[in-house]
Every structure is written in C-alpha cells, then in structure tokens.
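**Student:** Sharing the feature lines straight out of TrEMBL:
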COMPBIAS  761-771  compositional bias 'Basic and acidic residues'
DOMAIN    247-452  domain 'Polycystin'
DOMAIN    462-678  domain 'Polycystin cation channel PKD1/PKD2'
REGION    744-771  region 'Disordered'
TRANSMEM  78-98  transmembrane segment
TRANSMEM  110-141  transmembrane segment
TRANSMEM  200-218  transmembrane segment
TRANSMEM  462-487  transmembrane segment
TRANSMEM  499-517  transmembrane segment
TRANSMEM  549-569  transmembrane segment
TRANSMEM  589-611  transmembrane segment
TRANSMEM  651-672  transmembrane segment
C-alpha cells in the first residue's frame with residue numbers, strides 16, 4: 001500500500017525534472033571587477049561579447065531542431081522542487097506530532113522499526129524492484145541514451161552567416177512536387193489521429209464520470225450491511241437454541257404467538273447478561289448482543305377483510321371470509337373483541353391495547369403497500385403499539401390474546417421495528433410478515449433492509465460529497481452538450497443511439513437527484529419525529545422504499561455509463577468486433593427470440609397446468625418460467641416433478657430438453673457463428689489502427705523519445721545529416737569562418753545544387769517504390 005501511495009508521486013517529481021526544458025538566460029555577464037576597468041576597453045569588450053552571442057544564436061540555433069526530449073516548460077521544475085520539499089516537510093511535521101502523542105517508548109520502537117524497514121528496502125527490496133522495472137521498461141520502451149547526431153552542418157552555418165552579414169545566398173533547392181498518394185496517406189493518417197484523440201478524450205471523460213457514479217453508488221451500500229442483516233436474521237428467523245420456533249416453519253396462529261413471546265420479544269428487549277446479571281437500563285435500549293440500538297418500540301399491524309354472508313346450496317346461509325383485496329379491506333373501528341360500537345370508555349382508559357381495535361389510515365402513518373408471498377397489502381390497518389419496556393409489552397400482548405385480536409378475518413400481521421448500528425452507521429428497517437390466507441394456515445415472509453441516512457460523515461463522507469458535486473457539474477455540462485447537438489441536428493439527433501442514451505441518462509440523473517433530495521427530506525422529518533418522542537414508534541418503511549428506488553436509478557446510471565464506455569471503446573478494431581457481430585445478426589436474433597419466447601412460454605404454461613397443484617416451483621406462471629430457466633442452464637428439478645407425476649414428468653422433461661436446450665440453443669449458436677465469420681472477413685480488410693495500440697504508443701512517447709516509430713521514414717534533411725559529426729567548440733568556428741567562405745565559391749553552390757536535385761529524385765523514386 002505504501003508503494004502505491006509513494007510511487008506515483010515519485011514518478012511525477014522525476015518526470016517534472018526530466019522533461020523540463022532548461023531556462024534560457026539572456027543577460028550580460030556581471031562582474032564586480034568591471035567597475036575598475038577602462039571605459040574604452042570595457043565598451044569594446046561588451047560590444048565583442050554581444051556580437052559573439054548574436055553569432056552563436058545565428059549560427060547554431062537557427063535551422064537546428066532540438067532532439068533532447070524535453071516537452072515541459074522550464075518552470076515545471078519549480079513545481080517538482082515544491083512537491084519534493086513540501087512532501088518532506090509535511091511528513092516530518094506529522095511524524096513529530098505523532099511522536100509527541102505516542103511518548104518516548106513507543107516513538108523509539110517506531111524509529112527502530114522504521115530504520116529496519118528502511119535498510120531492508122534500500123538493500124534488498126528496492127534493488128530488486130529497480131532491476132525488474134528496468135527489465136520491463138527495456139523490453140517495452142525504446143532506448144533513450146543513445147547518441148543522436150546534431151543537425152548542425154557546415155552548409156547551415158554558412159547559410160546563416162550570409163543571412164547575418166548580408167551576403168548573397170546560394171541557390172535554393174526547389175521543393176519537389178507533392179506525391180498524390182503520399183498526400184492522401186498523410187491526410188488519412190491525420191484524420192485517424194484526430195478520430196483517435198477524440199475517442200481518447202471521450203474515454204477519459206467517461207471514465208471520470210463512471211468513477212463518480214461508482215463512488216456514489218458504493219456510498220449507498222456498505223460491506224457491513226450483510227453482517228447486520230445476518231445478525232438479525234440469525235436471532236429472529238433461525239435461532240440456534242434447541243427447540244426454538246423457526247419463523248419460516250410457522251404454520252398456525254399458536255406457533256406465531258409463541259414465536260413472538262419466546263424469540264422476538266427477548267431479542268428486542270434483552271434483560272440480562274450471558275452470566276445472568278441484570279442489564280443496566282441504558283443497555284436495555286439495545287437488542288440482544290448489544291450491537292444494534294432499538295429506534296423506538298416495535299409494533300404489530302394487521303389488515304382484515306369484511307365478513308360476509310351468502311347462501312350456499314344445500315347448506316343455506318353461511319358466513320364467508322373472502323380473500324384480501326386492497327380496495328375492499330375492512331376500515332371500520334371496533335371495540336374489544338371486534339365488537340361494534342359503542343365501546344366501554346372506562347375499559348379503554350384502563351387498557352394497554354385499546355388503539356389496536358381502531359383503524360388507521362395509511363396516510364397518517366406514512367404507510368406503503370407491502371408485497372407479500374400470497375397477496376399485496378395496504379400500508380394501514382389496525383395497529384397495536386408496543387412499549388419500550390418489556391413488562392408493558394407483555395401486558396399488551398396478554399390483552400390482544402385474551403380478546404382474540406387475530407381471528408378469521410385477519411389476512412396479514414406485520415411485526416415492524418427499526419434499529420441503528422453505530423459501528424457501520426446503518427439503520428435497518430425490519431418487517432416480518434405472517435399471512436393468513438382464506439384457505440387456512442400461515443405463510444411467512446421477512447424483509448430486513450439496512451440503509452444509510454447519514455452519508456457525509458468522516459473522510460469518506462467528504463469524498464462522497466465531492467463526488468456528488470462533481471456529478472452535478474458534469475450533469476450541467478452534459479445538458480448543455482445535448483441541447484447544443486439537439487438544436488444543431490434537430491430530428492437527426494434521435495437517429496443516433498448514443499445521443500438517445502445520453503438523453504435518457506440526463507433524465508435518469510434528474511430523477512435520481514430529485515429522489516436523493518426527497519430521501520434526505522423524509523429522513524430529516526422522520527428523525528425529528530423520533531427526537532420529539534423517543535418512546536413512540538417511528539415508521540422508516542417509506543424511507544427504505546425510497547432508498548431502494550434510488551438505488552435502482554443509480555444502478556441504471558451505472559449501466560448506462562458502462563454501456564457508453566463500451567460504445568466509445570467500439571472505435572477500437574478488436575473491441576468493435578463484438579458490437580458488429582450482434583449488429584450483423586440483429587434481425588435473425590429478433591425473429592429467433594420471438595420463436596424462442598413463444599415456445600418457452602408454452603412449456604411454462606404446460607408445467608403450471610401439470611404440476612402447479614403439487615409443487616411450489618410451478619405454483620404460478622412466473623415460478624414456472626424461473627424453474628424452466630434455471631433448468632436450461634443445468635440446475636434442473638426433475639426429481640420433484642418425477643415424484644409428483646412420473647409418466648408426465650418424463651415426457652415433459654424429455655421434450656423440453658430436446659426442443660429448447662438442444663434444437664433452439666444450437667440454432668442460436670449457429671446464428672452467432674455465421675455472423676462471427678462474416679465480421680471476421682470484413683475486419684481483415686479493415687486497415688484502421690486500434691485505439692488500444694494508439695494509447696500504448698502515446699504512453700511510450702511520453703516515457704521515451706522515439707526515432708520516427710517502427711518504420712523510419714527519411715526525408716531530405718535526414719539524408720543530409722545522416723553522416724555528420726557534432727560541431728566542435730564555437731571559438732574554433734570563428735577562426736575557420738573566413739577560410740571556409742573563401743573556399744566556398746559560386747561554382748560549388750551550383751554543383752551542390754545539381755547533386756542535391758539528383759539525390760532528391762532518387763529519394764522520391766525509392767519512396768514511391770516503398771509505398
């Protein structure tokens with residue numbers, strides 16, 4: 001981890017020093033001894049020094065291309081110095097603070113461990129890492145320390161000298177005519193580079209956007225969520241005590257009441273430690289295990305149906321208790337024992353459970369409909385509010401049991417409570433549903449939903465806040481971009497799949513922001529209500545549902561962002577093959593999919609009709625579809641249907657495997673293989689470069705100066721300077737300039753012109769032959 005933290009910074013500082021250009025200082029040499037010199041000699045020497053500098057710039061700098069690989073301005077070296085010094089000072093400062101906090105003994109131990117680790121790294125680990133990295137870089141990047149000849153030639157010096165002192169220049173070599181093939185090739189190369197740079201820019205922007213989305217989505221889920229959910233589940237649903245009632249195995253009302261008294265209430269209201277000592281009253285606010293703080297008391301809520309009478313031949317008139325319908329549920333208020341009003345006011349005043357017989361509207365308690373195993377139930381009903389004290393809770397349950405609060409008109413009972421885990425900063429809303437269908441028995445279902453209300457806590461919270469601000473800024477920029485292209489292209493805008501995806505992403509982002517604000521507002525209201533009365537039940541159900549919907553929208557944004565990245569990477573020849581395969585066989589897959597769905601739905605309906613009365617895995621159409629799908633991938637449930645009806649099971653399963661698994665999947669693979677062959681043949685003719693290779697080349701260019709790439713192309717200047725040697729010292733050039741000028745006549749210029757013209761024609765001929 002320390003290597004991952006320090007290595008990028010070290011590479012950055014080294015690169016800043018390595019790639020920074022040297023600063024050019026153009027000023028006269030100052031010397032304190034000059035004030036004692038004679039003015040005439042001083043002026044003469046200054047003039048001579050200026051002429052020498054001008055001659056140096058004229059003869060050397062002009063016409064010579066720098067080859068030293070420095071690409072950054074000189075002032076970046078100041079940034080490197082700042083990072084190096086600031087990093088050292090900051091580390092020393094914090095080490096000093098920590099040593100003051102630790103004390104002498106711990107500081108000495110830390111220093112000993114530091115020096116041991118330092119010498120171990122310096123003598124063993126770092127040399128090995130340097131050797132390995134040097135070997136890898138030597139294999140990947142080109143060598144940069146070879147001698148590169150200077151571009152300074154005798155002809156360049158003489159030409160610049162004539163320009164400086166006004167002498168007649170030699171005859172210029174006319175530019176050769178441009179080859180049309182080379183010009184077209186250069187144009188294609190430039191267009192490819194522009195396309196690749198645009199793709200690379202889009203990849204970087206999309207990666208930044210995806211990183212923000214991933215960070216935000218990660219902050220809404222925690223790795224501790226499973227631990228919290230698992231702890232509650234083990235204590236309430238599957239207790240490990242011998243003979244304890246399992247929640248999933250409840251089949252009667254008696255078993256349900258036993259589970260409440262022996263499992264649920266002792267878990268939510270612990271009274272003693274594991275050694276038998278009574279818990280302090282502060283710790284009795286926690287659940288068993290003392291890990292989760294109980295947010296208010298739990299409550300019981302039930303929904304009922306309206307009792308009816310009908311005439312059944314030949315039995316006459318009978319009382320009936322129909323199935324539950326959310327639009328026709330019981331909404332009247334009753335007295336004890338579900339008696340019609342008027343009620344005994346004095347008895348209600350002495351009662352702990354009189355509110356449990358009064359109907360409560362869902363809007364009054366922020367109730368949300370609950371989807372159960374058997375039916376969907378409203379968010380209101382008859383609520384039995386329990387207490388934060390176990391004694392009052394038991395008295396309330398005695399009254400409910402005595403007056404038969406759960407009767408034949410009851411269709412579902414919800415046991416609801418909320419807890420908070422401070423270690424993981426997670427709230428958990430729990431709903432344990434017991435359904436009482438009209439056919440009798442009890443069916444159970446549980447929902448334990450951990451979620452986070454306080455998001456911006458600690459360093460991670462500040463990082464999440466930064467990501468949320470960046471997401472909003474990115475969304476504003478995306479809206480401006482989409483509006484610009486929509487105005488520019490009008491209806492042509494909707495013909496581009498990626499523009500449509502961007503538009504959908506903007507819509508989902510706005511919805512997610514609105515839901516994020518709504519969740520924050522609802523959470524603040526709910527917590528404010530809890531602070532007003534900590535002994536009253538506070539409903540977190542709507543916040544849990546709201547948080548779940550927000551997570552769905554964030555997941556859709558992650559999916560769209562990842563799809564957008566794949567679309568940009570589709571510019572690469574290899575990655576684009578995957579998209580072109582499906583695009584080539586799109587219509588074939590469409591008609592194949594329709595035929596497959598029809599045949600698959602036929603087998604699902606047939607399985608429901610044959611085995612739905614006996615097996616849970618086929619009890620409705622949707623379960624049948626799921627069972628057949630997992631059978632298609634190899635996890636069959638043949639033994640179940642074979643036990644229910646052996647003859648029909650064998651016929652059904654044999655024909656399903658034959659037509660679905662064998663024939664249809666073989667056809668699907670044949671369509672894909674044919675499309676792969678077609679795309680492969682087309683890709684062979686595609687001479688476009690790959691985006692990945694282009695990125696690799698750019699990375700190599702940053703770390704090493706390349707001499708023209710893999711295929712070196714020579715031009716006129718490279719031919720002229722191929723066998724030249726570096727220039728000697730400048731002071732020798734001044735002594736030889738006159739001799740060189742007198743020996744270099746006009747005839748030599750003309751001869752040289754002819755030689756260069758002939759050499760240029762030969763070079764163009766070789767270049768045409770190579771292309």
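Every residue gets a Cβ built from N, Cα and C, even glycine.
Describe each of these features in terms of where it is and what it packs against.
**Tutor:** Mean pLDDT across the domain 'Polycystin cation channel PKD1/PKD2' (462-678) comes to 86 in this model.
With a threshold of 8 Å between CB atoms, the same-chain residues lying at least 6 positions outside the transmembrane segment (78-98) that come near it are 9, 12-13, 16-17, 20.
Here the transmembrane segment (462-487) has long-range neighbours at 208-209, 212-213, 215-216, 219, 455-456, 493, 499, 502-503, 505-506, 509-510, 513, meaning same-chain residues at least 6 beyond its ends whose C-beta is under 8 angstroms from one of its own.
Among residues of the same chain six or more beyond the transmembrane segment (499-517), those with a C-beta under 8 A of the stretch's C-beta atoms are 471-472, 475, 478-479, 481-482, 485, 493, 546, 549-550, 553-554, 556-557, 560-561, 563-564, 567.
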**Student:** Under an 8 Å Cβ to Cβ limit, what residues of the same chain, 6 or more beyond the ends of the transmembrane segment (589-611), are close to it?
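**Tutor:** Same-chain residues near the transmembrane segment (589-611) but 6 or more away: 582, 617-621, 624-625, 627-628, 640-641, 644-645, 648-649, 652, 656, 659-660, 664, 667-668, 671.
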